[in-house]
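Chemist: Residues or ranges marked as compositional bias 'Acidic residues' in TrEMBL: 712-731. The domain 'Lipase maturation factor 1/2 N-terminal' feature in TrEMBL is assigned to 123-283. For 438-580, the entry in TrEMBL reads domain 'Lipase maturation factor 1/2 C-terminal'. The region 'Disordered' annotation in TrEMBL covers 655-738. According to TrEMBL, the feature transmembrane segment maps to 12-30, 80-98, 105-126, 157-176, 218-238, 250-277, 298-322, 359-379, 391-414.
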Amino acid sequence: MGDIRLPRHMFLWCLSAIYLFAFASLYVQIPGLYGNEGLLPARWQLRVSGKSVVEQLKDSPTLLWFGPRLGLDTQQCMELFSLTGALLSLMTLALPPLRDCRVFLVLWILYLSLYQVGQVFLYFQWDNLLLETGFLAILVAPMKMPWSSKVCLHDNVTFWLVRWLLFRLMFASGVVKLTSRCPTWWGLTALTYHYETQCIPTQLAWFAHQLPVWFQKLSVVGTFVIEMAVPFLFFSPIRRHRLTAFYMQVLLQVFIILSGNYNFFNILTITLCLSLLDDQHVNFWLRRPTLKTESTSLQNLFSGLAVMLEVSVYALLGYWIVQYFDLQVDWEKKRVSSKTAFTYFEFNGFLKTVTVPSIWIGVLCLAWEIITAMFKCACVRGVLWRLWSTIQWAVMAAAAVSMFAISLVPYTYFEYDANSNLWPGIRTAFEMTDRYQLVNSYGLFRRMTGVGGRPEVVIEGSMDRNTWTEIEFMYKPGNTSTAPPVVAPHQPRLDWQMWFAALGPQTQSPWFSSLLHRLLQGKRDVVKLIQTDESLYPFSKQPPAYLRAHRYKYWFSEPKADGSYPERWWRRVYVEEFYPVVYLGDSYLEQMLVQHGLKDKAPPRRSSNAWLPRLLRYVGEHAREMPAHLLLWTLFSSAATVCLLNSLRSRAHHRQHESLQNQHTDKPAAGRTCSNVAEKNEKKHEEEEEKEEVTKDDAEEDGKEQDKDATSEEEQEGEIEEEVSAEETEEDSLRKRK
């Protein structure tokens with residue numbers, strides 16, 4: 001694992017956004033689900049028993065026990081915790097200094113407090129996953145003190161636990177699909193039912209459902225490969241293996257997001273995938289330049305061997321896919337046929353072969369990270385800093401080893417021999433920490449439901465028992481002409497439980513009797529769970545006198561023969577009665593309420609008129625007027641905008657600081673260059689003066705020499721003239737003599 005400063009920042013930022021979605025989504029549903037007049041009042045979970053606060057916290061670790069000391073009932077205390085968590089996560093999302101381990105500790109405690117009284121509406125796997133990830137964030141996030149460093153040497157150790165959690169989540173999700181012996185998963189036909197039978201599909205799910213069967217089966221093969229084979233690449237020493245695994249995991253999650261509304265679960269899974277990245281790849285995304293070092297011949301040799309090993313792993317993986325899923329290409333029909341070419345017993349043998357080695361792979365990888373961090377601490381300069389780094393390393397290494405050890409208990413649930421051979425001390429530690437949801441077992445889509453048609457429960461109301469009107473929910477399928485919505489990352493928890501209730505008899509969903517009872521009473525908070533806009537609720541003016549429920553089977557409509565789109569999204573067929581006709585005071589309804597403990601004899605405590613309860617009521621009335629998914633995206637957009645502006649301002653400040661530094665560094669350089677230029681100019685001037693003097697001297701000497709030459713020439717001419725005149729006088733004298 002290379003430098004992970006940037007992926008760690010991204011992980012904490014994304015987790016802050018997920019906490020915001022979780023708290024805000026739950027906040028708007030608390031009165032209808034857990035209020036004093038809700039479906040499952042939370043105050044039933046916190047009955048006064050005369051125990052001390054410490055004993056109460058041991059029985060149920062939740063801060064809601066302190067609600068009466070604040071003058072709040074259980075509902076108001078839950079609203080306070082949800083609102084506090086939403087605001088704190090919103091500030092953490094917008095302000096980097098708040099991404100501190102103590103802030104994430106508060107967020108984790110708040111969500112755990114709500115989870116303890118959430119009952120069936122809060123017992124989803126993604127709630128457990130958020131609690132486990134949130135606890136790991138406490139170890140991953142820095143403790144920002146005035147003397148703390150920006151990079152802690154133990155970051156790789158704690159951040160590796162996030163990768164281990166991602167491995168357990170994905171590998172278990174793939175394994176349970178085959179260990180459940182579901183015929184659709186073994187026949188590779190699960191996706192031919194999945195798109196129309198999932199809880200809240202999107203509009204793209206209708207189009208995905210129309211894809212040919214051979215492509216759906218090939219998609220199931222790809223799902224098995226991504227969930228069971230690719231996770232082993234998380235621990236590969238080759239960096240490109242981890243990057244390939246990252247993009248394949250993200251691709252799967254994006255496809256799920258586009259075709260279904262699974263609240264914040266897929267976003268949380270992508271957040272876990274950030275543990276596969278390093279600073280170098282994030283800088284590549286940001287187009288930041290990286291320093292390139294000259295590689296030696298030995299490094300070139302190792303890189304070549306790594307490429308060969310990487311290609312061989314891909315080739316081996318492709319061979320296994322073709323071999324065990326019998327892939328054959330039909331070029332004439334332009335299709336790829338596939339089927340499972342192994343048996344259930346062969347798959348169990350594969351699990352026995354792989355489970356224990358996968359644990360040892362995790363042990364070796366964690367040991368490598370711990371030893372590497374130890375050597376880094378030993379190289380720290382300064383005795384005090386080295387001691388402080390070593391203490392941090394020891395604490396975080398012990399925490400990482402403990403978390404890894406207790407996670408082996410839920411990880412080995414699907415393989416009996418490996419689970420039974422675990423050290424008893426590990427099992428004891430897991431049982432002691434199980435109530436805090438530190439580690440959990442996972443296994444999504446274990447069996448494919450709705451093979452013979454999607455079951456749906458439709459509630460009908462009447463004033464005279466003759467004319468019945470369907471009560472349509474905001475999100476779950478009901479009216480066949482209503483298009484599937486997009487509600488993620490909000491989770492309408494009542495709509496989800498209605499999906500589970502339709503899979504079995506109404507006796508398996510005790511809360512359903514409470515739902516009909518509250519609708520007959522006309523409780524406004526429960527009605528808002530069905531329709532935020534009460535004008536769309538058919539009995540908004542007066543509660544219905546009678547209620548009943550029927551079970552239907554739904555299917556996606558088929559395209560017309562000419563290829564055009566149908567007028568309706570769904571088609572349905574009546575199946576049976578789900579709940580008989582009931583009214584207020586009906587004996588059957590009263591019997592069901594008493595049987596399931598939903599008849600509360602003690603009246604709720606009067607709400608206080610103090611400033612805090614009044615403030616909570618005021619905020620709740622205004623916050624619940626907007627549809628929940630729009631509220632969530634509004635909060636996220638505002639925080640993301642603030643974060644973007646802060647980053648742009650810091651970048652501009654950084655550039656300005658760099659320019660000032662460059663100016664400061666340029667001034668002495670400019671002074672040095674000016675002095676050098678002046679010295680050069682003086683030297684040139686002196687040289688020119690010397691040259692001028694030399695030229696003057698040369699000119700004077702030349703003049704003297706010329707004068708000398710001229711005088712010598714004149715003397716020579718005078719001598720010649722004298723010689724000529726002497727010759728002439730001699731000739732004249734000779735003539736006279738003659």
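Each residue, glycine too, has its Cβ placed from N, Cα and C.
Annotations in TrEMBL come from automatic prediction, not curation.
What does the local environment look like for each feature on the list?
Modeler: Residues of the domain 'Lipase maturation factor 1/2 C-terminal' (438-580) grouped by DSSP class, helix first, strand second and coil last, total 33 helix, 35 strand, 75 coil.
Cβ atoms under 8 Å from those of the transmembrane segment (12-30) belong to residues 38, 75, 78-79, 82-83, 85-86, 89-90, 92-93, 99, 104, 107, 110-111, 114, 122, 127, 130, 133-134, 137, 140-141, 263-264, 267-268, 270-271, 274, 489-494, 529, 623-624, 628, 631-632, 635-636, 639, 643 of the same chain, restricted to positions at least 6 beyond its ends.
Residues 1, 4, 7-8, 11, 129, 132-133, 136, 139-140, 223-224, 226-228, 230-231, 234-235, 249, 269, 272-276, 351, 358, 362, 365-366, 369-370, 373, 393, 396-397, 399-400, 403-404, 407, 410-411, 414, 441-446 of the same chain, all 6+ positions outside the transmembrane segment (157-176), place their C-beta atoms under 8 angstroms from a C-beta of that stretch.
Beyond the transmembrane segment (218-238), the same-chain residues lying 6 or more positions past its ends with a Cβ under 8 Å from any Cβ of the stretch are 163, 166-167, 170-171, 173-175, 177-178, 185, 188-191, 244-245, 248-249, 251-252, 276, 306, 309-310, 313, 317, 320-321, 325, 327, 336, 338, 358, 361-362, 365.
When Cβ-Cβ distances below 8 Å are used as the criterion, the transmembrane segment (298-322) is approached by residues 221, 225, 229, 233, 236, 238, 240-241 of the same chain, each at least six residues removed from its ends.
With a threshold of 8 Å between CB atoms, the same-chain residues lying at least 6 positions outside the transmembrane segment (359-379) that come near it are 1, 153-154, 156-157, 160, 164, 167, 232, 235, 386, 389-390, 392-393, 397, 400-401, 404, 408, 411-412, 418.
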Chemist: Who are the long-range neighbours of the transmembrane segment (105-126) in its own chain, taking Cβ under 8 Å and residues 6 or more past its ends?
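Modeler: Residues packing against the transmembrane segment (105-126) from afar: 19, 22-23, 26, 33-34, 39-40, 42, 45-46, 60-64, 74, 78, 81-82, 84-85, 88-89, 92, 134-135, 137-138, 262-265, 268, 436-437, 440, 442-444, 491, 493-494, 496-497, 511.
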Chemist: Counting only residues 6+ away from its ends, which parts of the chain sit with a Cβ under 8 Å from the transmembrane segment (250-277)?
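Modeler: Result: 4, 6-7, 10-11, 14-15, 17-18, 21-22, 25, 125-126, 129-130, 133, 159-160, 162-163, 165-166, 169, 195, 198-202, 204-205, 208, 222-223, 226-227, 234, 242-243, 475, 485-491.
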